[in-house]
Amino acid sequence: MTLLSTLRGISSPARQQPGTQSESRRGGDTLAERGLAVAGVSHGFDGTAVLESVTLAVDRGETVAIIGPSGTGKTTLLRLLALFSEPDDGTIGLDGTDVWRQSERQRLAARRRIGMVFQKANLFDTTVRRNVRYGLSVRRSWRERLRSWLGGRKRQESVFEALDIVGLADAASQSASSLSGGEAQRVAFARALAYDPDFLLLDEPTSDLDPRNTAVIEEAVDAARSRGLGVAVATHDMHQARRIADRIVVLLDGQVIEAGPTERVFSDPDDARARKFINGELVY
């Protein structure tokens, strides 16, 4: 049974214990032996530092919300977690393995285990169904594509299951160009889910959506997490972060200034700057 076929109507399992740690291969920070992680990561553009010595891990079966002011590095951190580029310093690991010390083929295999939904949905001018199926085509290895081609019915089932999760199964034959912005974002979410990734990264996924579409996305996030995906969400919406996240990471000026269980961070943060940000008192 696939992940997608069991996402709906399943209660959340007990939280997994945090992964153990091993030494990073590039620095003194530790790299989680389970899940998707960064250890001591720094990164910048054109000589300007964006992230400085960031360490965090996303384990399977949990949702981590990354919050902080605009321009503080949330999107850059997600893109590094998605393995879009190599960090200037530090380690990016998948289940304890330094991905950027692997071969290109191994990195491609690792990248296929990670789905990402951007702030703005980028859909093709074709049907909703074909947009979702595109994720299956580009993310799977040639062996997986061959098996999928030989089992076309299973491939179609994956597409419709993903669309059903976001409430758009009835729109499968509809042109993507006719969708509202919220519906397009839901299609992008379905596309990321269709190939059953281990980890899902969301960059401000509901920033421009109405309450109904926001609720659908949040329900889909919770369903994915409840069935074992590790989810990381960058959001400026404090209420959303508190609703959907198991853990909170607060970024300020490219550094993690606070991290911990959601209720503890919101009710009693250790860092004074994090407290001011959460209370809306930080002038930035």
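Backbone N, Cα and C atoms are what each Cβ position is placed from, and that goes for glycine too.
Keep in mind that what you see is a predicted model, and the values were worked out from it rather than measured.
As recorded in Swiss-Prot:
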type     : residues                                               : note
REGION   : 1-29                                                   : region 'Disordered'
COMPBIAS : 1-22                                                   : compositional bias 'Polar residues'
DOMAIN   : 36-278                                                 : domain 'ABC transporter'
BINDING  : Gly68, Pro69, Ser70, Gly71, Thr72, Gly73, Lys74, Thr75 : ATP binding site
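In this structure, the binding-site residues under consideration are Ser70, Thr72, Thr75, and the one with the smallest number of other Cβ atoms within 10 Å of its Cβ is Ser70. Other Cβ atoms within 10 Å of the Cβ of Pro69 (ATP binding site), summed over all protein chains shown, number 16. When secondary structure is read from DSSP and collapsed to three states, Thr75 (ATP binding site) falls in the helix class. Among the binding-site residues Gly68, Gly71, Gly73, Lys74, the residue whose Cβ has the fewest other Cβ atoms within 10 Å is Gly71. Excluding Gly68, Pro69, Ser70, Gly71, Thr72, Gly73, Lys74, Thr75, which define the ATP site, the same chain contributes Ala234, Leu251 within 8 Å (Cβ to the Cβ centroid), listed in sequence order.
Secondary structure at Ser70 (ATP binding site), taken from DSSP and collapsed to helix, strand or coil, is coil.
Mean pLDDT for the domain 'ABC transporter' (36-278) in the predicted structure: 92.
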